[in-house]
Amino acid sequence: MTNLSIHNFKLSLVAAVIGSAMVMTSSPVAAQQAMQPMQSMKIERGTILTQPGVFGVFTMFKLRPDWNKVPVAERKGAAEEVKKLIEKHKDNVLVDLYLTRGLETNSDFFFRINAYDLAKAQTFMREFRSTTVGKNADVFETLVGVTKPLNYISKDKSPGLNAGLSSATYSGPAPRYVIVIPVKKNAEWWNMSPEERLKEMEVHTTPTLAYLVNVKRKLYHSTGLDDTDFITYFETDDLTAFNNLMLSLAQVKENKFHVRWGSPTTLGTIHSPEDVIKALAD
C-alpha cells in the first residue's frame, strides 16, 4: 500500500460518525437552551451519554519513570484515592478511565469526563492532579468538545438513512476496546452549502450501516473549543470489524476535506477506573 493510499485510508474513517452524528441546533434560541449547564440534574450514565449540550474532556496521561520508585504501598493505595475522588464528584461529572499502556507509546491511561458544566470537569481534573498518580503523570493530550442534536442524517433531511441508523443497534459482546480520533476539516468543507454537506454525509453514511452492530460511536464538536473540529469516540469488541469499517470508508472521497485525522489516534481497553489504576500500580 502506498503512502498516499495509507493516508487516504486513515482520513476516511470518521465519515460515518460525522454523517450519523454531526449536529447543530436549528435556531439561536435552541442552541442557547441546549448549551445551558444543567447544574440541577443528577448525573446518570444512561441519560448524560445521550443528551446534547454535554461537554466531553479527553485527557491522555503518561506516567513518569519515577512512578516506579513510589513505594508499593502508595501505588496500591492510589486506586482507592482515585475511587474516592470520583465518588466526591459523582453528582457533577461522569468519569471513565481507560488503559492504554502496552498499546500506545505516548500515554498509559486517559480520562473521558462528561459534564453539563465544563467548569465541573475542570475542577475534577485539577483535583486529580493532586492525587498520588496525578502527581506522577504528565499530560500528553487534552481534547474538549460538546455534544449537539442531530443535523444532517435527521428524520426530516434524510429519513431513509435516519431509519437505517435508528434500526442498527449494537448487538455484539460488551465492548473491550475504545478508540478516540480527533478530526479537523478544511475551509473548503465549511464553505460548502448545507445541502452539499448533507449529500457528502449521506454518501459516507451508507457503507457504515453494516458495521453499527459491531461498533458503538459518539461525536463531540470542538470547533472553537480546541484545535480540532470533532472528537470521534468508538467502542467495540471486534477490532477486525472496526478495521473493516475503515476499509469500507477508504473508498469514500470525503477525506479530501480533512486536514487532521488522528495525531493522536488513541487505542485503549475498557475497565473500571479502580482497575486501571491497579494495573498501573503493578
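In case you wondered, yes, glycine gets a Cβ from its N, Cα and C as well.
Taken verbatim from Swiss-Prot:
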- 1-31: signal peptide (SIGNAL)
- E104, D226, T265: Ca(2+) binding site (BINDING)
- H204: heme binding site (BINDING)
- R217: active site, proton acceptor (ACT_SITE)
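D226 (Ca(2+) binding site) has a Cβ environment of 19 other Cβ atoms inside 10 Å.
Between the C-alpha atoms of T265 (Ca(2+) binding site) and R217 (active site, proton acceptor), the distance comes to 15 Å. Put simply, R217 (active site, proton acceptor) is 20 Å from D226 (Ca(2+) binding site) when counted between their Cα atoms. Counting every protein chain shown, the number of other Cβ atoms lying within 10 Å of the Cβ of R217 (active site, proton acceptor) is 21. Following the DSSP three-state reduction, the secondary structure of H204 (heme binding site) is helix. Separating the Cα atoms of the residue listed as 'heme binding site' and R217 (active site, proton acceptor) is a whole-number distance of 15 Å.
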